[in-house]
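Copied from TrEMBL, the annotated features are:
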BINDING   CYS36, HIS40, MET85  heme c binding site
DOMAIN    22-106  domain 'Cytochrome c'
SIGNAL    1-21  signal peptide
Amino acid sequence: MKSVILGIAMIGAFLVNQAQAADAKAAEALAQKSGCLACHGVEKKVLGPSYKDVAAKYKSDKGAEAKLVAKVKAGGSGVWGPVPMPPHPQVKDEDIKTIVQWVLSL
């Protein structure tokens, strides 16, 4: 009985892991489609900071998601150096939220 329960738990964990990996791939594709990867790399700075650096900076900030969604939509400057981030009003709010959640998960 314990073996069956353990087996079911392992399969469940595997399926959750697969779903999260698929969500991450979809979010990265959305970032590519939205033009985000023209200025940001996942692991390395391009023109703007890497997404891993952004995730590390905002790791303990409970309001990070809302702040970053607003920054992507409206643009901003002064946080990562002299190059401002342009506004992205053409990107749907739900897409921005998906991308920001992915970035913060890195």
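Placed from the backbone N, Cα and C atoms, the Cβ positions cover glycine too.
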What are the helix, strand and coil residue counts for the domain 'Cytochrome c' (22-106) according to DSSP? 46 helix, 4 strand, 35 coil
Which residues, same chain and not among CYS36, HIS40, MET85, have a CB within 8 angstroms of the centroid of the CB atoms at the recorded heme c site? LEU37, ALA38, CYS39, GLY48, VAL72
A correct count of other C-beta atoms within 10 Å of the C-beta of HIS40 (heme c binding site) gives 21
Around the Cβ of CYS36 (heme c binding site), how many other Cβ atoms lie within 10 Å? Please give the count over every shown protein chain. 20
What are the non-local neighbours of MET85 (heme c binding site), defined as same-chain residues 6+ apart in sequence with CB under 8 A from its CB? CYS39, GLY48, LYS71, VAL72, GLY75, GLY76, SER77
